[in-house]
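Asks: There's a structure below that I have some questions on.
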Amino acid sequence: MATVKKTPSVTFAPKAVSERPSSRTLRSNSTNASSRRSSRISREIETPHGSVLRESISNLRSANSSPNPTNMNEPDRQHGWRDYACLFACWLLQFHSWGVVNSYGTYSSYYSQHLMPDEPIVQFNVIGATQSFVILALSFVTGRLLDAGHSLKLLIVGALLIATGSFSQPFVNGDAGKNSGNYGLILLTQGIICALGQACFFVAASQIASTRFPKRRGLVIGVVASGASIGGTVYPMMLKFLISSHGLILAQVYVATLQTGLSFIAVCFARPHPRHKIRKPEKWMAVATFIDREAFRNPSYVWFCAAVFFLFFGFYPVFFNLEEWAAKNGLGYKDETPGPVASVTVPGQRLLEKDAIRTFWLTCICNGSSAVGRIVFAALCDYCCGALNVHAAVTGVASMLLLLFWPFIENVPAAICFNVFYGLLSGAVIGLPPASISYILGDQQQDRFGQWMGMTYAIAAPASFLGPVLAGLVVTKTNNNFLTVQLWCGVCILFCFVCMVLASWHLSKQRAVPSMVVDHVATKSSGTSSTNVAEKESV
């Protein structure tokens, strides 16, 4: 057979041909590059304040036009019974903390008349001043613990301390008879142990409630703050009548039972909202954990801290000296506790007016109207011009009332009128600092609310101690001339007003920056759009 030799097939690969891009391809690439460049320019615009994304323009405009930036962007939540139970529990926390401080005048009257009649009045002021100092000085610690999510532990410790201190008070003065008081033990139980428990409640009341109602933060803080005014009205009346009928020991036992029972009820329901952001520190022992240095780079916050310092320097001398002033000027009479009315005379007292009332009721009127003022003016913070602006306006009017009206009162109707109107204003002045701090923080930093509020009150703690003591010394040195107290309080509140105005001015400057950026972006945007059109036409 013949063998057929197969020839291998060869496959030739086509020669690569280098093609020049056509003019259509060049135009396409140029158009794509131009569109990418236009897209980048349209997404990011350089301004004097740095690069700004165009997508943020609408956010800047809405933030700049919001009347109250602290709550406009918060989610709209459906409020159930847990939210309102928490609000009531926070009201109880304030009722048992600062409400007890507001009622100290009744204790002081009994101490000076019965337990320690030979001691100077300044020593009794020291007990009340120590109580307020401890509460405020520890606020920066309790506030940071709240931001870290330890509210339940803090409230339990506070309730135990209040129970220990309040149930110890009835048994430190022997039989509570004449000259049987023990000053050191009273200072320990009432001025320190109870104050430590009240410090655990004070900041927690506002911080926890504000997490439940983010869109009505100002109103909620005002409602909670009214607990201090109601407590300052209820506790003096309760003590006054219980001491008259049952004596000091049983009266203090009943008050301690009420405080302890309601405190543990408040602990059961005072819970922050589950969605509230928690900010836990890396190291608890670091200074930066409790002191936020960034806060003191904010001029608005710094001026507001100065305002609160002057506020506590001159606020409580009004309440501490109100009854003594009314008694000396014949506008009211002081009654012994317990005992028949009009059994106590004040050195240098004028003849009583025909319509003179018990000086005790003047304090009750002032505290009662203070509760209304806290709620009404706090509600305005959510609906017009912001919490800090409302706070500054009310403080300015209160300073004018102290300087221009109080020194010229000469009859009982004028005294009652002063107590009503000053109570309304003072309730807002002393109750709005948490709302103002929340307003300064804005939406994005509400997780720092407890820490900033605690730092503010800690700065004001020395003023809360020195203010009443120095005012009492001035009255003593001037032979009970209460014009010195009136000028002292009025000038301090006036300085507070000036500092609040400066804080508001700096805050408006900070929030005017987004407006400047929006205007620049709008101008840049119009110029960019015309440039894009010109590029497309040239292509």
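The first residue you see is number 1, and the count goes up from there.
Placement of Cβ uses the backbone N, Cα and C atoms for every residue, glycine included.
Heads up, here are the entries from TrEMBL:
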- 1-10: compositional bias 'Polar residues' (COMPBIAS)
- 1-45: region 'Disordered' (REGION)
- 23-36: compositional bias 'Low complexity' (COMPBIAS)
- 84-101: transmembrane segment (TRANSMEM)
- 121-142: transmembrane segment (TRANSMEM)
- 154-172: transmembrane segment (TRANSMEM)
- 184-206: transmembrane segment (TRANSMEM)
- 218-237: transmembrane segment (TRANSMEM)
- 249-270: transmembrane segment (TRANSMEM)
- 301-319: transmembrane segment (TRANSMEM)
- 360-381: transmembrane segment (TRANSMEM)
- 388-409: transmembrane segment (TRANSMEM)
- 421-442: transmembrane segment (TRANSMEM)
- 454-473: transmembrane segment (TRANSMEM)
- 485-507: transmembrane segment (TRANSMEM)
Asks: Determine which recorded stretch among 184-206, 360-381, 485-507 has the most C-beta pairs below 8 angstroms with the transmembrane segment (388-409).
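Replies: Looking only at 184-206, 360-381, 485-507, the most contacts with the transmembrane segment (388-409) come from 485-507.
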Asks: Please indicate, using numbers and ranges, the residues of the same chain that are 6 or more beyond the transmembrane segment (249-270) and have a C-beta under 8 Å from a C-beta there.
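Replies: Distant Cβ neighbours of the transmembrane segment (249-270) are 82, 85-86, 88-90, 92-93, 95-96, 100, 151-152, 155-156, 158-159, 162-163, 166-167, 169-171, 173, 175-176, 197, 201, 204-205, 208, 235, 238-239, 242-243.
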Asks: Would you kindly check 154-172, 184-206, 218-237, 485-507 and say which stretch has the most C-beta pairs under 8 angstroms to the transmembrane segment (121-142)?
Replies: 184-206
Asks: Count the CB pairs under 8 A between the transmembrane segment (485-507) and each of 84-101, 218-237, 301-319, 421-442, 454-473, then give me the winner.
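Replies: Looking only at 84-101, 218-237, 301-319, 421-442, 454-473, the most contacts with the transmembrane segment (485-507) come from 301-319.
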Asks: Against which stretches of its own chain does the transmembrane segment (184-206) lie, if we need a Cβ under 8 Å and a gap of at least six residues from its ends?
Replies: 90-91, 93-94, 96-98, 100-101, 107, 111, 115, 126-128, 130-139, 142-143, 146, 151, 154-155, 157-166, 168-169, 172-173, 221, 224-225, 227, 263, 266, 270, 434, 450, 453-454, 457
Asks: Which range out of 154-172, 301-319, 360-381, 421-442, 454-473 gives the transmembrane segment (218-237) the most CB pairs under 8 Å?
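Replies: Highest pair count goes to 360-381.
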Asks: Below 8 Å between Cβ atoms, which of the listed ranges 84-101, 154-172, 421-442, 454-473 makes the most pairs with the transmembrane segment (301-319)?
Replies: 454-473
